[in-house]
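Peer 1: Can you read through this structure? Questions will come right after.
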């Protein structure tokens, strides 16, 4: 018996969590042993994509943006689920992400790298039908010089975010002239990105950027043969102009309502796809004066029950989340003391059995903790909360309530 098989047999004999959804010889291929996990509802992703696709209309492409490990939900799984529900394009941040996605996704689905790709790699991208972003005149000149063969790109216009992209009409006109003279440069799309499209109180900057984009488009020749896009989740869902053009780029909205406080504005009912759970692995009663955690920053003032949970900042639950609650038995209980690398403690109203489920994000009974709530406490966005969730946490994927896949990068050896 191999060492891994031996360890797995020992752990299984102790009745620890071991999920195995396949008949493979290696029992840990689709398993996890530490009882802290992320639950991903693929049925929610399917529903969200279908509703969004219906909203934007048949003639508009839906790009599923799956960068940042699918916003913490799993890049490949969200890509596959989105395509099966109607997405026709995929967007990522880097060539590395694009190649990883392409390893599982048909060449029929174009992939756009929204971020920087070094000019020497445009030929590699072309081999895998990966489309790059032209970010400047100098970048395109260098890419054309190195490639010496045709490659597709989308031209990025900077209308006010002041990251990547061209900022003047003269630059755009120079590039269009260069494209007309160089058959290796195939501009198949033009896009920009909004800085404040989710701000419904002050839409002036959004409108300014949109007007600027229209001005740039006026100097783009042969626009009918190019895919024009600018709308992200905020612009698609909250702005009355509906600047859909030929394609919308959706990432945040695929995972559920981008902002719980603005859910009443949504033209459809989006479902949250991610929940985060663990267990109470030890419950004990403290005496008055007992200190909890590193530096003893919490002191019990009376006899008090506390629970230890195998979740810490190495899993993505950072010190900024110390003032948040978790759900135990459908009730909110506070985190106490410092969050450790691998564990944290909570105050309990009474004694609970070891193994009682704990929910960090999601629902228990009639109580729900949304990612937005966690984010607000740390002055972050919910996407920062999602993408901070460590690869150490296994992801359990469900469709219609049944487990269809488990990924655990710790056991990829």
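Including glycine, each Cβ sits where the backbone N, Cα and C put it.
Just so you know, TrEMBL annotations never went through curation; they're auto-generated.
The structure displayed is predicted, hence computed values, not measured ones.
Dumping what TrEMBL says about this protein:
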{"type": "BINDING", "residues": "163, 341", "note": "substrate binding site"}
{"type": "DOMAIN", "residues": "273-398", "note": "domain 'Alanine racemase C-terminal'"}
{"type": "MOD_RES", "residues": "67", "note": "N6-(pyridoxal phosphate)lysine"}
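A description of the local structural setting of each listed feature is requested, covering burial, neighbours and distances.
Peer 2: When Cβ atoms from all protein chains are considered, those within 10 Å of residue 341 (substrate binding site) total 10, not counting its own.
Across all of the domain 'Alanine racemase C-terminal' (273-398), the predicted model scores a mean pLDDT of 98.
Spatially close to residue 67 (N6-(pyridoxal phosphate)lysine) yet at least six residues away along the chain are 75, 91, 92, 93, 94, 97, 114, 115, 251, judged by Cβ distances under 8 angstroms.
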